[in-house]
Amino acid sequence: MLRYSEKTFGKVLLNYFVSFICILSSVLIWFFQNYHGYELLYTQPLLYLIVFIFVYSTIIFEDNTRLFFIILSGVSAIRYVLLPLLISFTEYYGGRSIVEPSSDSFFKAILLMNYELLITALFIKIMEVRRNSKINTTDSNIKNQTFKLDHHHIGYIFFILFTLIGITFFPSVLSFINIIVPSSLSNNVEPSFIQNFILYCIIVSKQLIFIMLLKRMYKKYKLKKNRIYISISFIISLVNIFIYFGTNRSDIIISAIVSFLLLYKLFGKIVKKYIIVGLVILFFLVAIVSGARNYISISNGSNSIIDITDTFQVYTGGVYNVAIAIETKDYFPSSNDLSVLFFDIFRPMIGVNLLVKNLPFSYSNIFYNKRMWLNVDRRSQIIPMIGQGNLFFGFFLAPLFGMLLIRIYYYFEKILNNTNNLEIYYFLTLVVVRFGFFMGQNTMNIINDMSMNLVLFIMVYQINFTLHKILGKKSYQIKYR
């Protein structure tokens, strides 16, 4: 009873805090806002407050391991509360395009974003009711779930050896792999098909090695009760984070979140101090990557608050970027053709992209960046998902992509809650965490991430599982924390 009361008190306290911040932000935005088209900007914090109290906080306090909702509520807070406040405070209503969107587009963008938040929240509420009505004792009693920490990894070892052979024949692929500091080739050179395949093998192999080592360290810790194995596990986690492909900062952050989560699942509360240190290291790593990308800030470094505002605008799909997406259809009428939708779905799929990449089609992100940069061939920004939905389906059906993603999440969550395999849990959680950023992403990012993290792993896992059944090794089980 005491535990329930403490949880309730924490929920009420957080709701009061969020209420205070949102109402204060709304009042300040209403007072300082002075740009035509942004008249309804003050409604965004109030709308977030309603959604947080009645949807997000209820789910998070019921089960604080549901990372999708923790990430979604955090990203939404930046998008609907902090970003509007920064825009009004700095009077930075513009963006990076030479031709600003019209005031009507800004106004429609705010309405579209508010509509997205309401519809997706309502859909989540419906899915939660369905989920809770169908949950049985096995599904809901997550804390009694066990992981099988078997050390039969012959299929994984064969795959890692296959990857090493690929590196031996194509050593140039190592130039695309980053260790802390991004490689000079990460942005400037496009890898070939063979190089791309080997790169995916390297990333999956790296993650499999991470999981195998973590299993071994945990078993040694349980046998000897020596905290040195926790420290070694933490170092292994950092190495997993430090080695990456590309220069997308969100990929690094997601890898860190899931790596630290795995530590917590295995070792429990004892690793909290390690995770705090890891988050500090992550902050500096992201800063290093940002510097290495030669990122040019909107103010050229003269105003850090405006630079932060611009960054949030890009990564969360703010009003300006949604307004640009709205005008993409006006500038390029062919941007919502079925061929563009086809390319948006299949072009990012690993494997399928080889069959369709040479087709004479463009995807929506190209049109979006043409509107952003006015025919300059730059693709540095992504069309927000609600803007992409509006492009193909119109205003009222614009949240369709987000709703589909939420539905897929619930399917994945069911697998996560019932799996006893640490590898499946890790790779699926990578995808689920990415889903939490969906408002600032689009279908192309999500599909590419799913295919890269899941397709190759599932094939390798199936081979390993088959060999495991043949050899019949025993497993070492732990309680799910």
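Every residue gets a Cβ built from N, Cα and C, even glycine.
Those TrEMBL annotations? Automatic predictions, nothing curated.
Residues 39, 41-46, 48-49, 52-53, 57, 61, 77, 81-82, 84-85, 88-89, 91 of the same chain lie 6 or more positions beyond the ends of the transmembrane segment (12-33) yet place their CB under 8 Å from a CB of it. Feature annotation from TrEMBL assigns transmembrane segment to 12-33 (among others).
TrEMBL lists 68-86 (among others) with the feature transmembrane segment. Residues 18, 21-22, 25, 28-29, 41-42, 44-45, 47-48, 51-52, 56-57, 59-60, 92, 113, 117, 257, 305, 308-309, 312-313, 316-319, 409, 413, 432-433, 435-440 of the same chain lie 6+ residues outside the transmembrane segment (68-86) yet bring a C-beta within less than 8 angstroms of a C-beta in it.
Annotation comment: TrEMBL describes 106-124 (among others) as transmembrane segment.
Within the chain carrying the transmembrane segment (156-181), a Cβ under 8 angstroms from the stretch's Cβ atoms is held by residues 189, 191, 194-195, 197-199, 201-202, 204-205, 208-209, 212, 242-247, 285, 288-289, 292, 460, 463-464, all 6 or more beyond its ends. Taken from TrEMBL, the feature transmembrane segment covers 156-181 (among others).
What TrEMBL lists as transmembrane segment is 193-214 (among others).
If you look up TrEMBL, you'll see 226-246 (among others) marked as transmembrane segment. Residues 176-180, 186, 199, 202-203, 206-207, 210, 213-214, 217-218, 220, 252, 255-256, 259-260, 262-263, 266-267, 270-271, 274, 277-278, 281-282, 285 of the same chain lie 6 or more positions beyond the ends of the transmembrane segment (226-246) yet place their CB under 8 Å from a CB of it.
Residues or ranges marked as transmembrane segment by TrEMBL: 252-267 (among others).
Under the heading transmembrane segment, TrEMBL lists 274-292 (among others). Proximity of distant same-chain residues to the transmembrane segment (274-292), defined by a Cβ-Cβ separation under 8 Å and at least 6 residues beyond the stretch ends, is recorded for 180-182, 230-231, 234, 237-238, 241-242, 247, 249, 252-253, 256, 260, 263-264.
For 345-368 (among others), the entry in TrEMBL reads transmembrane segment.
What TrEMBL lists as transmembrane segment is 389-412 (among others). Outside the transmembrane segment (389-412) by six or more residues, the chain places 68, 108, 112, 115-116, 119-120, 123-124, 127, 131, 325-326, 328-329, 335-336, 340-341, 364, 383, 428, 431-432, 435, 438-439, 442-443, 446 with a CB less than 8 A from a CB of the stretch.
Look at TrEMBL and you will find 424-440 (among others) tagged as transmembrane segment.
Proximity of distant same-chain residues to the transmembrane segment (452-471), defined by a Cβ-Cβ separation under 8 Å and at least 6 residues beyond the stretch ends, is recorded for 150, 152-156, 158-159, 200-201, 203-204, 207-208, 350-351, 421, 423-424, 427-428, 430-431. The annotation transmembrane segment is assigned in TrEMBL to 452-471 (among others).
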Within-chain partners of the transmembrane segment (193-214) [C-beta distance under 8 Å, separation at least 6 from its ends] | 151, 153, 156, 159-160, 162-163, 166-167, 170, 172-173, 176-177, 233, 236-237, 239-240, 243-245, 259, 262-263, 266, 350, 354, 422-423, 426-427, 452, 456-457, 460
